[in-house]
Amino acid sequence: MNDPQLNNLLKWGIQNSDASRNDPSTAPQPLSEVDKEALQQLIAGVRGPSDADLMQDSFQVIENNEATAEAKHQAFENFEQLIQGIDNANNMEALGLWTKLIKQLESEDPVIRKWAAWCCSTAVQNNVRSQERLLVLKNAIPTLVRLATSDPDKTARKKATSALSSAVRNFQPGLDAVLEHMPAEHKPKEALDANDMASVDILINKLRESI
């Protein structure tokens, strides 16, 4: 072992082992700040990257112009699986990933647009905190409405419709924003109640039937 910090950790571990603690002549030795840092790094290495690290890694691939389309699609699939956990979905804001995600809705690649809409849907489903975040993001709702009503790729339209469905249920401000940007031919004539699933379905089913 050539790393001095790891050598110090090993020495500290031996000194503070059960055998040493049972020896009256051996007093426990505290870790120095440098050794504490080394211990944290060692533990992190054993545990592997955190979900936050993996989420950021996914977007490094997605935003890499040199990455293949296949690699980007796989990165998006990995990201979508991660944000199925509500804590990870809520952590998107702190990691600065919401703005990056919305930007991908404008991708020239229809598969990327599909995945971006899919991830929006996953993040906001039954999650009022993420619903609120999507609402205030510039162009997020208008872009999803445009994709749901006019994207040339049917799969992207379906996922955008799913994202709108998740964004408005039990969240009246989101429903009001979607209706505000909805083209007239897709907008129901009656008033809609976000807390009434049958009411919301009037809008969502109308969108799905148009695909």
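Keep in mind that glycine also has a Cβ here, set from the backbone N, Cα and C atoms.
Predicted, not measured: the structure shown is a model, and the values here were computed from it.
Straight from Swiss-Prot, the features:
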COMPBIAS  12-29  compositional bias 'Polar residues'
REGION    12-31  region 'Disordered'
REPEAT    27-67  repeat 'ARM 1'
REPEAT    86-125  repeat 'ARM 2'
REPEAT    129-169  repeat 'ARM 3'
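Remark: secondary structure over the repeat 'ARM 3' (129-169) totals 34 helix, 0 strand, 7 coil, with classes taken from DSSP. Across the range of the repeat 'ARM 2' (86-125), the DSSP-based residue counts are 29 helix, 0 strand, 11 coil.
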